[in-house]
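S.K.: Starting off with a structure, shown below.
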């Protein structure tokens, strides 16, 4: 296996994004022409800045046209939409030149002679630009997080003393609403207390914070199906369920149970058929919940180690299952009457009713019922932003600003960029 193959394939962890790939192509030209020359780094820096300045202007133009289309019904098309048809909605201007300068100091992008600006370089630049934009606006009111691979490792939890704990508490102390929008779907609030125990314990132990500040922490479980809010008494702490009448939108209340059950039935049948077709181990299981169905790895006995070990489902099989189920449901009439989300969780596959766009939107309304928090005042941090199919954070792009991270360590890094200036 060649090194290039390994590098390109490993990028599938973040699934290629059309906007990032387009920027990557623009930056490749000055890199090829200038790298290795006597004045290469300086000239490359100037050309990169010029490119990012042009992209900045294209984003600003797109926002202006978005506003005209919304307010005046204009049919005008932005130049950026013509160049990158898959590009989504922008809610803030992006200071890309300033963000590039930040990341160039950290990653020495212009000093490299053999490796051109990569997918991850550009991802970090876009993250920095979004942070800078929110800081300049001074309007950030809601920060939402994915769970696995964002706040903690896949299948893990927030431990006592974890680095992420102090960062989230700082957000709460500064009056920012914080929501954990996770695919983990439990109707029992104690399950979320277990996953977020280190954070809950720290909140309970912090006597300098008011209960009002602490109650700004919520959990949206099953992407958009269960809402819980932090609470404490003199002896207890954890999460309490919020009554459906206080947060479930009327549009969601209109979904019929028959359509929901039929959609999950089809997904469940597909998982079963694909399990046989892809020759996956019989120990793998299909789990059916009230508003979700998943295909998860089981355990198999390792004769050499003499212990049960978790089955590893091949990445290709996970992606195949997601895309097949997604395509099947897109043409299934009952599924068109509701919202659903199919995604690859890294070691398993799920089909949920609802989606993270809906989950974030619900929190925007829950925190400010009379005047909902806007997309430009919202920041969602997650690790799954693939443009289609296998990533559930992607939908959150339509509900607010986003940061694309790849690990809990990166979550801490972006919060460290944000918090000192809030």
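Cβ atoms are placed via backbone N, Cα and C, with glycine included.
Copying in the features that Swiss-Prot gives for the protein in this structure:
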ACT_SITE  146  active site, nucleophile
ACT_SITE  148  active site, proton donor
BINDING   106, 124  ATP binding site
BINDING   146, 148, 154, 182, 348, 356  IMP binding site
BINDING   146, 148, 383  Mg(2+) binding site
S.K.: By Cβ count within 10 Å, point out the most packed of the binding-site residues listed: 106, 124.
M.R.: 124
S.K.: Go through the recorded positions 106, 124, 146, 148, 154, 182 and tell me which ones have a CA within 10 A of the CA of residue 383 (Mg(2+) binding site).
M.R.: 146, 148
S.K.: Counting other Cβ atoms within 10 Å of each residue's Cβ, which of the recorded positions 146, 148, 154, 348, 383 comes out lowest?
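M.R.: Comparing Cβ neighbour counts within 10 Å for the recorded positions 146, 148, 154, 348, 383 gives 154.
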S.K.: About how far apart, in whole Å, are the alpha carbons (Cα) of residue 124 (ATP binding site) and residue 182 (IMP binding site)?
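M.R.: Roughly 23 Å, rounded to the nearest whole number.
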S.K.: Fewest neighbouring Cβ atoms within 10 Å: which of the binding-site residues 182, 356?
M.R.: 182
S.K.: How many Å separate the Cα atoms of residue 146 (active site, nucleophile) and residue 182 (IMP binding site)?
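M.R.: Counting only the Cα atoms, the answer is 5 Å.
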S.K.: Would you kindly give the Cα-Cα distance separating residue 148 (active site, proton donor) and residue 356 (IMP binding site), rounded to the nearest Å?
M.R.: 14
S.K.: Can you grab the distance from residue 182 (IMP binding site) over to residue 148 (active site, proton donor)? Cα atoms, rounded to a whole Å.
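M.R.: Cα to Cα, residue 182 (IMP binding site) and residue 148 (active site, proton donor) are separated by 8 Å.
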